[in-house]
Amino acid sequence: MTVEQNTPDQDTIVAQATASGRGGVGIVRVSGSLAAKVAEQIIGHVPLIRNAQYVPFKSNTGEPLDQGIALFFKAPHSFTGEDVLELQGHGGQVVLDMLIKATLHVPNVRLARPGEFSERAYLNDKLDLAQAEAIADLIDASSEQAARGALRSLQGEFSTQINSLVELLTHLRIYVEAAIDFPDEEIDFLSDGKVQNDLKAITKQLSSVKSQARQGSLLREGMRVVIAGRPNAGKSSLLNALAGRDAAIVTAIAGTTRDVLKEHIHIDGMPLHIIDTAGLRDSSDEVERIGIERAWQEIEQADRVLFMLDSTETHENDPYKIWPEFMRRLPKNMGLTVIRNKADLSGENVGKVQYDDYPVFQLSASHKQGIEVLAEHLKECMGFHSSNEGQFIARRRHIDAIERAEEHLLLGKQQLEDNLAGELLAEELRLAQAYLSEITGEFSSDDLLGKIFSSFCIGK
């Protein structure tokens with residue numbers, strides 16, 4: 001799990017830092033020990049550090065290429081921690097390509113790999129891995145909430161919480177391992193309840209961070225919403241209403257939908273993956289049975305399930321009373337919203353009705369009545385109206401690492417309570433700490449780093 005930290009390549013790298021295509025301004029970024037030499041070739045001198053200079057840009061043969069702003073940042077006071085040169089010219093693609101070509105005439109200057117500028121910033125301790133990922137998340141944000149969350153992660157709010165947990169685990173490990181390594185000191189780590197209390201406090205704090213990370217993941221990646229229910233409840237009509245188009249075939253024949261239908265939509269910029277499934281029932285039809293099994297596979301992977309029912313058939317709102325078999329199979333802690341469809345036929349008022357632990361919505365999918373209220377509810381489920389102003393963006397790998405750390409804390413607690421095994425507790429604490437450290441990159445494999453930074457755009 002742990003590897004030695006790499007050092008940045010000795011090559012100087014160059015790339016276009018702005019998006020490809022036409023624009024008013026285009027930026028070429030150079031990073032490395034030869035940035036000053038590139039400046040001498042392109043503009044004839046090295047600009048004053050952190051001073052914008054309006055100068056002509058020339059090729060290696062002295063031919064004019066463009067004119068614009070040159071900025072020079074001296075290591076380590078730059079984004080990458082290396083010498084950095086930025087050439088800000090006009091945004092025509094041909095002009096920028098010629099400018100990059102001119103920089104490549106300097107020996108040992110090469111084109112940057114995707115994400116290599118951010119990678120060098122990480123390797124030079126200018127930011128940690130979670131902050132580096134937040135750069136890409138900020139660029140790709142599809143809503144204001146996602147952008148704000150990514151900025152908070154970039155500013156280190158997520159990393160601060162992870163580092164706090166790592167520090168707490170470090171102190172607890174020192175205490176436990178001291179009792180193991182120095183038995184003559186007679187440190188009884190069970191007698192005063194310190195270990196148990198610390199474990200409880202750390203687990204509680206980790207659970208809180210996990211909850212925030214899951215919310216942040218929904219902002220970044222979108223929420224998987226599965227529409228489930230019996231045949232002819234109106235699931236496909238609801239998919240069409242949310243998607244704003246006829247994505248699914250709708251008929252009065254029960255069992256029309258036999259396979260999984262997926263639509264990627266945005267509600268006020270918030271990404272959702274809406275999944276329509278086959279009606280759930282016992283069936284002798286082989287094709288329909290396969291569709292039902294696929295429906296359950298989607299349900300088990302969902303972030304939220306819309307439990308669809310025909311309001312003309314029951315006045316009951318409690319899903320356990322309506323369909324106990326469905327609720328018993330539903331994954332524990334699954335977010336569930338009850339949808340009472342066909343309000344136009346049952347005469348029910350359109351809107352939200354709260355029932356115990358499950359929000360209940362009365363609507364008419366075919367007439368698109370009550371859809372806006374449901375859309376607001378889905379936005380709230382993603383944290384659109386979250387009262388937590390400190391919401392940060394997180395990725396699936398972050399959640400996986402937190403969950404693994406949580407598992408090891410629980411295992412350590414069991415070893416302590418069942419076996420009084422201090423050595424095994426210490427090992428579980430070490431593993432929990434290592435998984436959390438993967439988030440910020442303190443312990444990360446080369447494969448993980450390569451995968452993360454390769455997903456960045458070239459100039460980042």
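Using N, Cα and C of the backbone, Cβ positions are placed for all residues, glycine too.
As written in Swiss-Prot, here are the features:
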BINDING   Arg29, Glu86, Lys126, Lys460  (6S)-5-formyl-5,6,7,8-tetrahydrofolate binding site
DOMAIN    222-383  domain 'TrmE-type G'
BINDING   Asn232, Thr251, Ile253, Thr256  K(+) binding site
BINDING   232-237, 251-257, 276-279, 341-344  GTP binding site
BINDING   Ser236, Thr257  Mg(2+) binding site
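Comparing Cα positions, Ser236 (Mg(2+) binding site) lies closest to Lys342 out of the binding-site residues Arg29, Glu86, Lys126, Lys342. Lys126 ((6S)-5-formyl-5,6,7,8-tetrahydrofolate binding site) sits 50 Å from Lys235 (GTP binding site), taking the C-alpha atoms as the reference points. Cα of Lys235 (GTP binding site) to Cα of Arg29 ((6S)-5-formyl-5,6,7,8-tetrahydrofolate binding site): a span of 51 Å. When Cβ atoms from all protein chains are considered, those within 10 Å of Asn232 (K(+) binding site) total 18, not counting its own. Set side by side, the binding-site residues Arg29, Lys342 differ in how many other CB atoms lie within 10 angstroms of their CB, and the most is found at Arg29. Counting Cβ atoms from all protein chains shown, Lys235 (GTP binding site) has 31 others lying within 10 Å of its own Cβ. The sparsest Cβ neighbourhood within 10 Å, among the listed binding-site residues (Glu86, Lys126, Ser236), is found at Lys126. Among the binding-site residues listed (Arg29, Glu86, Lys342), Lys342 has its Cα nearest to the Cα of Asn232 (K(+) binding site).
Between Arg29 ((6S)-5-formyl-5,6,7,8-tetrahydrofolate binding site) and Lys342 (GTP binding site), the C-alpha separation comes to 58 Å.
DSSP assigns Ser236 (Mg(2+) binding site) to a helix in the three-state reduction.
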